[in-house]
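Student: Pasting in a structure now, in structure tokens, and then I'll have a few things to ask.
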């Protein structure tokens, strides 16, 4: 009964919020010159692209948690799903980030310098074998809430360190992350984001070439990157290059720069804001590691998630597969340690100079071009422990962005599979992989032809270990 009451109240606030939104848009439109066609279109076109993205996210947040989803979440974790009342408008960015760009840069620099680990006093310091869970975060708050709920329910989560790596500074996201009380938490901020560099590289400089400009046209325009289109003849788009930059920076930051990881030899799990984990994912991770050590020492990557259409936990929960690593199949819940990272760093040019805006395909290219060494091998769960719940994002443009539908499916799947979780041992099979696994990449997907992107990627690897800075406030 309390959940039904909560859901009913939430629906009322949703309806009132959307009504207020509609009234604000109508008032804004009416205040503009009404003798022009397309008043509202002009209003939206004049808005910053980041504002529009956040506007769409805000609307999704109001439709994020159905009663059906809440019913499968322990009541003590509802706090992570609470959507506070908001003044949703086309100027939503002003609400979420009241600071100007200079203030945001200073705040980011201070957080990165401090290297604060929250809850360290409760759960103890980071050890060299502590499992680090690195979570790449953009602006999709709805999905992040549910990822946090799933992490909170995982066995032994209190022995890990969660590192949230952000490319957007937002007070509500920060408050959510810092409210986590079930394990150690750190925030790091990618300092070269579009948000902090809106009118200059690595954001979009006003003098950058239009994406679809022809080379001859670009040369006449004398735009910044005229000589460096990608392999398809297109010029860079910051919103696409940012994801690869962020992934590469995050890995460098964790393995090479943080004081707390200077002697770290344990596993680092790579997740994203729109992932969802099973309660035994850490248990399975440890089984994968011990099995790889015994039967597949050449397995450099572990993988907890796969993209399946059907799931057979009754027969696959204790089955794992050893196969060549392939980016689009084994990029979710990917795990490796510093030894593997060092081998990647040795070939950073294969990653940074490869004309593909996807970090995973760039890593695949690197894997296929290791002198004297085979491609990466992966050991993965045939019954996945990490799931993708994102319906909208850089590669997903569905008009209906209701997160509850997919989340509910994953919740029910895991509930039905509960009796098959936590296997005492696992059985590995070795496969050569299909044609897709073994197909040599001949060229990338483009989007990474600009020499500035390639140079910045390389320069990120040159930053060394940084000591924590302590700030005292009076």
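Just so you know, glycine gets a Cβ as well, placed from its N, Cα and C.
These numbers come from a predicted model, not from an experiment.
Dumping what TrEMBL says about this protein:
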{"type": "BINDING", "residues": "136, 137, 138, 139, 140, 167, 242, 243, 244, 245, 246", "note": "substrate binding site"}
{"type": "DISULFID", "residues": "209-223", "note": "disulfide bond"}
{"type": "BINDING", "residues": "274, 388", "note": "Mn(2+) binding site"}
{"type": "DISULFID", "residues": "296-299", "note": "disulfide bond"}
{"type": "DISULFID", "residues": "352-457", "note": "disulfide bond"}
{"type": "DISULFID", "residues": "392-401", "note": "disulfide bond"}
Student: Taking Cα atoms as reference points, which of the recorded positions 209, 352, 388, 457 is nearest to residue 140 (substrate binding site)?
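Tutor: Sorting the recorded positions by distance from residue 140 (substrate binding site), the top entry is 388.
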Student: In Å, how long is the longest CA to CA span across 136, 137, 138, 139, 140, 167, 242, 243, 244, 245, 246, which the record gives as the substrate binders?
Tutor: 19
Student: Can you name the recorded positions among 274, 296, 299, 457 whose CA is within 10 A of the CA of residue 244 (substrate binding site)?
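Tutor: 457, listed in sequence order.
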Student: Near residue 138 (substrate binding site) in space, meaning Cα within 10 angstroms, which of the recorded positions do we find among 209, 296, 299, 352, 388, 457?
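Tutor: Hits: none.
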Student: Determine, to the nearest whole angstrom, how far the Cα atom of residue 246 (substrate binding site) is from the Cα atom of residue 457 (disulfide bond).
Tutor: 10
Student: Of all the disulfide-bonded residues given, namely 223, 296, 457, which is spatially nearest to residue 274 (Mn(2+) binding site) at the Cα level?
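Tutor: Going through 223, 296, 457 one by one, the closest to residue 274 (Mn(2+) binding site) is 457.
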Student: Using a 10 Å radius around its CB, how many other CB atoms surround residue 244 (substrate binding site)?
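Tutor: Counting Cβ neighbours of residue 244 (substrate binding site) within 10 Å gives 24.
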Student: Have a look at the disulfide-bonded residues 209, 296, 299, 352, 457 and say which one has the shortest Cα distance to residue 242 (substrate binding site).
Tutor: 457
Student: What is the interatomic distance between the Cα atoms of residue 388 (Mn(2+) binding site) and residue 352 (disulfide bond), given in whole Å?
Tutor: 27
Student: When you measure from the Cβ of residue 296 (disulfide bond), how many other Cβ atoms are you left with inside 10 Å?
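Tutor: Summing over all protein chains shown, residue 296 (disulfide bond) has 17 other Cβ atoms within 10 Å.
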Student: Just name the most isolated of the recorded positions 138, 223, going by other Cβ atoms within 10 Å of its Cβ.
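Tutor: Taking 138, 223 as the recorded positions, the minimal 10 Å Cβ count falls on 223.
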Student: Between C-alpha atoms, which of these recorded positions comes nearest to residue 352 (disulfide bond): 136, 209, 296?
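Tutor: Ranked by Cα distance from residue 352 (disulfide bond), first place goes to 136.
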Student: Run through the Cβ atoms and count how many others sit within 10 Å of the one on residue 352 (disulfide bond).
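Tutor: Total other Cβ atoms inside 10 Å, all chains included: 22.
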